[in-house]
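The block underneath contains the structure these notes are about, expressed in structure tokens.
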């Protein structure tokens, strides 16, 4: 019998079929997996034939059988029937595959880690972290930040990675599966990510504009521009620093107040369009095209950072900058405001609450160890911040040294003129030779003056102090576009270093923009089959919409709105979303284990929300603006309608959470997923790191897929 059946099974050994298996493991959600080509083996074919023959023999009515059917005949009939069935399945799956696209995987874990790192390392994180280190306690702030990173940041990154990876869903659908009654949190994170995406590329457009201007020699922010008839320098620029003038008047063309309107700045519209075109080109073919560029966009900045770090150590004044790096204010350890700032910075730097972390993780196999990934990404993020802050302080030390040198030389010239005019006595004559070390020579002479002469000198000139100048480093984007850019102009080969610096910022900005857009595109594709089929149409339409809406932030008052959203608004929805995500996991995880593992995390988030709310409400929210009448920076309070806008936006993005809760009550959707769905494995004996793990069957299936990749000729079809 085996000898006669062998040709039939051998003929099926080479029969292959390709299909897209739809795994409907969770109500209302489907997983699209490309199973690839499958082949029958002779051994499996024989076994299937024998089992099917036995079933056919048992199924035949005994009364209607004139004689017993042989096993060989039953096996042959069963094989032919199975072949016909598989041909029908193949045709059906082929039709379905025309409509449904397979959910791809990252080609390697290294690509996935780089994508997560690229998303989290936003350019704004670099200058904001350095400024907070400088003005919020020094090493004390750094210690608090690291503590909050391990207490809050890494656990939340792990939760989002585990949720996206286990559910194979983006940020919008994953929470509806884990805890249906908190499903609205996915919509909230989607809306926050969308609002952030509207103005994020505006910052990239600033970088491109500066990069395009850095080919001039000297760079335009090094000296004031000439007047129309070239008779002298622009009077408005002479009343302030060239870098400040270039930032406000030539880059932003900023309005004096946020209330002032105006059309988009044409010099920023083209760079803004270029940014969207670049991001669109990188993502036009979905994950296939994204993973080809993500390695370059993420790795290139690190080579530039290492080069800058080595170069910065050789600068004059770098030692003074590094000394400021290790200054610690112990009193700030007991300052609740510093803790709240550090906690908010941790959430923003890690990208929590935007849905992008879960969306990027949804393209990883379910058996992947996401706990180690969360730890690795967070540590890389931290080390990058420490290295960048070190070379930032070295460059700022160089910047403060050069500015102080020029201050001393200018004071010496003024004093000599006043002495020649007879307005100061000869005893106030400064040293004539200040070329070697102007600051040291001038300060030594000044400190040796009699007190009455010193008072007369101070009435005529300003005091030149390197520590005071170092602390004048601007806040926010101006930290880069004013203080740091001015320092670059003092370097030899300033054109080269300026271009390299802005290239580093641009690549980091583009990789972060890809991560942000992935948090928008993936949920749309998961929830709408049309977008899965027409990826290019989705990307083009979405990017055109966001480009048109983002033009609002390229207006003269646009930078004031960006400050309002990025510095004061976005922290509130992120904290609220993180709180509800923790509650969702704890609900699916089980109350007993929740009390053991997640209570501290939830309490810390609640305290963080209260302290941030209290800090923002205790003093008026202000912004730095340009006063065109005096050519100086002035501090202005935000108008009441701007605060109302913040509250309205916050209410809008949080509204889906209670709305979806009411929807669940109305539709009688169960608060806890059915046991057969098993989106989360809740075990009372396992720690948190083992809770969000796939089932044994899923792990075996992924192992089988890996074997098929290595040994395609020996692959088996599993029923």
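Keep in mind that glycine also has a Cβ here, set from the backbone N, Cα and C atoms.
Of all ranges given (210-230, 294-314, 420-440, 441-461), TrEMBL attaches the label transmembrane segment to 294-314. Per TrEMBL, the stretch carrying the note transmembrane segment among 473-494, 495-516, 671-692 is 495-516.
Proximity of the transmembrane segment (594-613) to the transmembrane segment (265-287) is not established, fewer than 3 Cβ-Cβ distances being under 8 Å for residue pairs spaced 6 or more apart.
Fewest Cβ neighbours within 10 Å among the binding-site residues 381, 512: that distinction goes to 381.
Contacts between the transmembrane segment (375-400) and the transmembrane segment (566-587): absent, as fewer than 3 C-beta pairs lie under 8 angstroms at sequence separation of six or more.
Between the transmembrane segment (294-314) and the stretches 178-200, 495-516, 537-554, 566-587, 641-665, Cβ pairs under 8 Å are most numerous for 495-516. If you look at the transmembrane segment (566-587), the same-chain residues 6 or more away from its ends with a CB under 8 A from one of its CBs are 124, 156, 159-160, 163, 175, 178-179, 181-182, 185, 188-189, 192, 195-196, 199, 344, 347-348, 352-354, 476, 594, 598, 601-602, 605-606, 608-609, 612-613, 616, 621, 646, 649-650, 653-654, 657, 671-672, 680, 692.
The stretches the transmembrane segment (641-665) and the transmembrane segment (178-200) meet in space: the count of Cβ pairs below 8 angstroms, excluding pairs fewer than 6 apart in sequence, reaches at least three. Apart from 118, 381, 512, the Na(+) site neighbourhood in this chain, defined by C-beta within 8 angstroms of the site C-beta centre, holds 116, 117, 119, 120, 121, 122, 125, 298, 351, 508, 511, 515. Residue 118 (Na(+) binding site): 25 other CB atoms within 10 A of its CB, across all protein chains. Counting Cβ pairs closer than 8 Å to the transmembrane segment (334-363), the top stretch among 132-158, 178-200, 265-287, 495-516, 537-554 is 132-158.
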